[in-house]
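What TrEMBL records for 36, 40, 58, 61 is Zn(2+) binding site. Here TrEMBL flags 1-26 as region 'Disordered'.
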Ligand SMILES: [Zn+2]
């Protein structure tokens, strides 16, 4: 729900400042609009002589954004805000694996003491 509201507001804001950017006082500037796969529009202002990068990190969600509104770059498989969680999960399963291994070794030892042969 919040996402839809933001998209509408974002497009209104994006449509607005076009005229504003043209009355640059000192250095001539160009405005470039980037589109990310979350339908965010990011209007970035560059100096007129600057070479405009083909992609830009969306300031709203951090995903890569491109100049082509029809073809925004696909979101990476792991989004930035998920990376930490994935890392924590990974760590947790490592810890679990280690404790499972400890249990298995303890079990193996206790069975060996009991005279069982386990391969
Ligand atoms: Zn975005």
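Cβ coordinates are placed from backbone N, Cα and C, and glycine is handled just like the others.
TrEMBL does not curate its annotations; it predicts them automatically.
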Shell of the Zn(2+) site beyond 36, 40, 58, 61, same chain only (C-beta within 8 angstroms of their C-beta centre): 37, 38, 39, 42, 59, 60, 62, 63, 65
Cβ neighbour count within 10 Å of residue 36 (Zn(2+) binding site): 23
Cβ-Cβ neighbours of residue 40 (Zn(2+) binding site) (radius 10 Å): 20
